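What TrEMBL annotates here:
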{"type": "ACT_SITE", "residues": "B:Glu280", "note": "active site"}
{"type": "ACT_SITE", "residues": "B:Cys314", "note": "active site"}
{"type": "DOMAIN", "residues": "B:40-503", "note": "domain 'Aldehyde dehydrogenase'"}
{"type": "REGION", "residues": "B:1-21", "note": "region 'Disordered'"}
Amino acid sequence: QIFINNEWHDSVSGKKFAVFNPANEEKICEVEEGDKADIDKAVKAARKAFELGSPWRTMDASERGRLLNKLADLVERDRLILATMEAIDGGKLFSTAYLMDLGGCVKTLRYCAGWADKIHGRTVPMDGNFFTFTRHEPIGVCGQIIPWNFPLVMFIWKIAPALCCGNTVVVKPAEQTPLTALYMGSLIKEAGFPPGVVNIVPGFGPTAGAAISHHMDIDKVSFTGSTEVGQLIKEAAGQSNLKRVTLELGGKSPNIIFADADLDAAVEFAHIGLFYHQGQCCIAGSRIFVEEPIYDEFVRRSIERAKKYTLGNPLLPGVQQGPQIDKEQFKKILELIESGKKEGAKLECGGGPWGDKGYFIQPTVFSNVTDDMRIAKEEIFGPVQQIMKFKTIDEVIKRANNTSYGLAAAVFTKDIDKALTFAAALQAGTVWVNCYSAVSPQCPFGGFKMSGNGREMGEYGLHEYTEVKTVTIKIPQKNS
Amino acid sequence: MAALNGAVENGQPDRKVPPLPRPLRSLEVKYTKIFINNEWHESTSGKKFPTYNPSTLEKICDIEEGDKPDVDNAVEAAKAAFQRGSPWRQMDAPSRGRLLHKLADLLERDRVILATLETMDTGKPFLQAYFIDLEGCIKTLRYYAGWADKIQGRTIPVDENFVCFTRHEPMGVCGAITPWNFPLLMLVWKMAPALCCGNTLVIKPAEQTPLTSLYIGSLIKEVGFPPGVVNIVPGYGPTAGAAISTHDNIDKIAFTGSTKVGKLIKEAASKSNLKRVTLELGGKNPCIVCADADLDLAVECAHQGVFFNQGQCCTAASRVFVEEQIYPEFVKRSVEFAKKRLVGDPFDARTEQGPQIDQKQFDKILELIESGKKEGAKLECGGLAIEDRGLYIKPTVFSEVTDNMRIAKEEIFGPVQPIMKFKSIEEVIRRANSTEYGLTAAVFTKNLDRALTLASALQSGTVWINCYNALYAQAPFGGFKMSGNGRELGEYALAEYTEVKTVTIKLSQKSP
């Protein structure tokens with residue numbers, strides 16, 4: 001059901017929608033379908049909880065931190081339930097959900113809990129006889145739209161910094177994967193957050209999501225998802241009330257392997273960097289540039305690695321790859337695979353669907369990929385690895401940067417000059433050296449160019465959830 | 001009397017009169033073309049547009065009219081100047097700072113020329129242009145010159161065997177669209193932090209007031225900024241301005257102007273390439289005077305707060321809330337001040353108020369004044385234009401104003417002071433915050449609790465206590481709600497002009 005003011009509600013329209021298990025295409029259950037009317041209710045509750053003098057606004061900052069830590073405790077207590085739910089709803093391998101997703105959630109909650117009473121303004125030495133200081137206030141009611149690839153992790157990445165800074169939130173989880181977000185509602189109530197601080201409205205993008213991005217009483221919208229929808233959200237924010245916008249969007253991230261790299265490590269990182277969670281990561285290393293001298297060997301080892309997969313029910317041990325999230329993604333990935341074949345890339349393994357039920361696709365590797373092919377330009381979001389060849393540093397920098405995306409990038413080399421040249425030259429929000437997918441709540445994460453606006457996590461993430469107020473008080477005489 | 005920086009410190013007029021600078025009476029306008037790659041260009045279309053002096057209504061000169069092809073050329077130059085390996089990208093950070101200091105030096109050298117140009121183009125009193133606008137420009141340049149080599153990333157303690165650090169890189173090519181009320185100052189507010197952080201710029205000054213922005217192009221070249229780092233394309237909003245906000249090769253846009261246009265810009269940024277956006281928009285700023293305030297101080301601050309720059313400030317104190325007990329006395333003293341305000345030729349050293357910027361603004365202000373009369377506010381003084389020809393409006397005071405009147409809700413941007421009454425602090429907080437704007441607010445009181453309660457409660461980017469328009473380069477400035485997105489000035493502006501990159505390097509062994 002819909003979670004508003006720490007209570008469970010039916011949808012105003014009475015409608016529900018179905019949630020499916022992508023491993024077997026069966027319906028798991030039905031969920032109340034929120035639309036504009038429900039968003040309006042949620043915003044009212046969030047606005048009231050944000051009023052001056054409310055329990056949330058008058059709470060000590062340290063107490064906000066304590067609540068976040070308590071929430072982390074409850075997530076740890078119910079880790080098994082949440083991991084199972086995430087695996088069934090999202091097609092995620094259970095072991096990955098338990099170890100990686102839930103691990104990340106708990107760490108992020110505890111990291112942000114620690115910041116709560118360290119949101120510092122400044123005193124500013126202004127000219128004239130004044131005492132000037134800044135307050136870093138919460139922005140207000142934050143609308144947060146969550147994707148389906150890491151439903152619980154993305155939910156926590158949004159609410160943790162928002163709550164840490166004292167905001168109230170209205171969250172719309174992805175329609176494919178609302179279950180863990182709704183379960184979190186019960187934990188939020190149990191932890192003791194005042195009513196209205198967190199509200200969760202499941203529903204669809206064009207209805208509930210659009211209601212958020214257009215809402216005249218939401219002060220900020222934060223979205224993780226496709227670049228296409230990200231643009232619509234920022235547009236809506238401009239058309240409505242100039243709400244502040246943070247976007248985490250798509251990527252076509254380059255992974256650059258030099259001849260002097262540790263080849264085993266490079267192959268493994270490149271593999272996991274692409275195939276993790278069935279390729280459904282914004283940071284997927286989907287353009288692998290390998291220096292000519294080691295190209296053939298790299299391709300050979302990558303194919304070997306990709307062939308070692310068992311596909312199947314993500315709840316079962318021994319399964320290494322689950323299904324894609326839904327039919328729409330499934331068809332899009334297969335279409336892009338066909339384009340790869342048609343445009344002349346060499347299909348090294350995989351290249352088609354697997355099994356007779358569920359949205360499974362065989363791990364696929366293409367070599368001899370050239371930059372103009374669709375598989376080299378468009379975000380696939382599936383288990384399809386592109387390997388291309390390069391000769392020189394300047395060439396590969398230019399090719400790596402030749403995209404409107406800019407989320408992540410990696411370089412594998414032992415040479416210090418190469419490593420630091422690439423760290424500066426690559427137009428990406430995160431650059432990994434001799435590793436891939438190293439993401440942690442301490443580090444800011446976000447996109448250059450059309451991969452996003454703003455940063456999440458780290459101290460930088462706090463900036464996105466505060467509004468700065470300058471207070472200037474006249475005094476009789478200033479002394480430094 | 002206009003006080004330094006528009007901020008009134010002690011309410012006492014300055015007794016000592018230093019030798020005042022004099023404007024240049026027959027100044028020839030040298031720079032009227034488009035500035036790209038440190039060179040002056042004619043417009044691609046061959047078109048020009050006139051710029052007028054609002055106090056004489058005469059044309060000053062014609063300016064090359066930039067449009068999309070000119071913006072494209074400017075962006076190309078700015079992009080080339082931003083390439084890896086370019087002189088600008090390779091320059092040491094402190095050298096960027098030195099260039100900004102040198103630019104400040106040249107502004108000081110040419111201060112009288114620039115103040116004269118600004119007065120000709122905007123109608124603002126010459127002494128205000130000289131002492132306030134130019135002072136702000138010079139100080140802001142020097143402030144950011146000092147930051148250039150202190151743009152610091154962090155090293156970050158992550159789990160496991162990694163070295164993690166952040167780089168605060170320049171964003172790239174920044175578009176800047178500046179307004180006509182403080183043409184040079186608003187340009188420097190954008191240029192200084194942008195250049196300090198290593199970006200390149202494409203600037204479109206307001207079509208009403210391009211002269212000082214173009215002059216600064218000549219100084220940019222003289223100082224020695226590499227070609228393409230700063231480019232200036234005069235022109236109109238729907239053509240040159242729109243070309244900037246929709247441009248796929250501009251990485252960030254900064255705009256100061258109306259909320260209506262700010263929304264269009266954010267929309268255009270989203271539809272095109274998700275360029276980053278900073279907006280400084282309108283305001284309907286509350287000025288709250290409590291019964292225990294220093295009354296003389298409050299009256300003078302509220303007066304300057306609304307009438308400064310002919311009322312054409314985003315920070316204008318356009319809703320004055322006065323506690324009931326002192327209301328009649330406050331109105332009486334405010335009317336005295338308004339009646340004494342000297343309106344006239346902006347080149348005359350005694351003038352405090354010049355003309356409004358153009359016919360469109362003039363008509364709009366008079367229309368709002370009429371609405372005040374019609375909707376039942378009490379007209380205390382002024383209320384009409386000064387003569388048959390010209391854009392001068394009498395300083396106008398309305399009392400008995402209620403919150404539902406148009407003059408209490410809409411941004412007037414003219415010399416009109418609406419004064420309303422309040423009873424309690426809770427009530428005035430609610431009324432002050434009942435607006436979609438949120439730029440500045442002011443409070444006059446001697447009581448500590450009241451001051452700090454109001455400082456917390458007012459939904460404004462800046463709260464002034466016992467002062468007004470105290471604006472300096474060190475303190476961040478910007479709007480809550482629909483008065484803007486982001487902050488200018490202070491350390492905070494640096495965040496608006498940098499793109500954060502996280503670098504994570506795996507080690508074979510962890511180092512503590």
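A Cβ is built for glycine as well, from the same backbone N, Cα and C atoms used for every other residue.
Bear in mind that the values here come from a model prediction, so they are computed numbers and not experimental data.
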Within the same chain, the residues at least 6 apart in sequence whose Cβ is under 8 angstroms from that of B:Cys314 (active site) are B:Asn181, B:Thr256, B:Glu280, B:Leu281, B:Gly282, B:Gly283, B:Leu439, B:Ser483
Across the domain 'Aldehyde dehydrogenase' (B:40-503) the predicted model averages a pLDDT of 97
Counting across all protein chains, other CB atoms within 10 angstroms of the CB of B:Glu280 (active site) number 27
B:Cys314 (active site) falls, by DSSP collapsed to helix, strand or coil, into coil
